[in-house]
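As structure tokens, the structure follows; a few thoughts come after it.
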Amino acid sequence: MSEFQVPEIPAQFLPKHIALVMDGNGRWATERGMKRTEGHKRGEAVLLDVVDACIELGVPYLSAYAFSTENWRRSTDEVRFLMGFNRDVLRRQRDDLHEKGVRVRWVGRRPRLWRSVIRELETAEELTKDNTTMTLAMCVNYGGRAEIIDAARDIARLAAEGKLRPEQITEKTFPNFLDEPDMPDVDLFLRPSGEKRTSNFLLWQSAYAEMVYQDKLFPDFTQQDLYDAVLEYAKRDRRFGSA
């Protein structure tokens, strides 16, 4: 049972899709004289708490930025740790997620990923494919620009083969070429750590997302922080470009 009070928010004011940038793990560890990897380990439990909070609230879709296409620029040791860590998190948590009715989806590129990571991602997807409580999109080796470029290449290939006409590409049809065509647009873009940028995360899907930035580093993030962000979202007047 959560120690935090779950706010009562009418369904029409709840975000249907939360995009979460799990930022600040390394800084959290460094500030405490620990190895950066210790911050990532702490972040695992925090992510699971966020999943539980989404279930309590009735938020149907959560996307977690686990490893970006830019993270390959980090030190070899940290990249190696993150590959193994993402693999092991899925192995440790998939049964628990399955029992909670969470459907796991992988969003990201295959190239460069360890085969063992791909195997665990695909195993989690297969195990949980029929679950309906909520969807957790694990964004591993993901980049918003890379996703759009890959989609553009697929479209160009089909057009060159005479299978697609330019006028068939619209805002409604373009998402069919993205990594996860069924992913709903992001309603709430949430980033702890005090940084105020999107970091190449779900660029297409976040066109009209409400941004909420919080100062806590991710390992200190609690369910109450998520509730506060959702309460802030519920107060926003979303006009989608209209007056």
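Even glycines carry a Cβ here, placed using N, Cα and C.
Annotated active site per Swiss-Prot: ASP23, in sequence order, evidence recorded as sequence analysis. The annotation active site, proton acceptor is assigned in Swiss-Prot to ASN71. What Swiss-Prot lists as Mg(2+) binding site is ASP23, GLU210, and the listing cites sequence analysis. Residues annotated as substrate binding site in Swiss-Prot: 24-28, ARG36, HIS40, 68-70, TRP72, ARG74, ARG191, 197-199.
For the pair the residue listed as 'active site, proton acceptor' and THR198 (substrate binding site), the C-alpha distance works out to 14 angstrom. In sequence order, GLY108, ARG109, ASN141, TYR142, GLY143, ALA146, ASN200 make up the list of same-chain residues 6 or more apart from THR69 (substrate binding site) whose Cβ falls under 8 Å from its Cβ.
Considering other CB atoms within 10 Å as the measure, the emptiest surroundings among the binding-site residues GLY24, GLY26 are those of GLY26.
Note: the CA-CA distance between HIS40 (substrate binding site) and ASP23 (active site) rounds to 10 Å. Counting every protein chain shown, the number of other Cβ atoms lying within 10 Å of the Cβ of TRP28 (substrate binding site) is 23.
Remark: THR198 (substrate binding site) has VAL21, GLY144, PHE189, SER206 as non-local neighbours, by Cβ distance under 8 Å and separation of at least 6 in sequence. All protein chains included, HIS40 (substrate binding site) registers 23 other Cβ atoms within 10 Å of its own Cβ.
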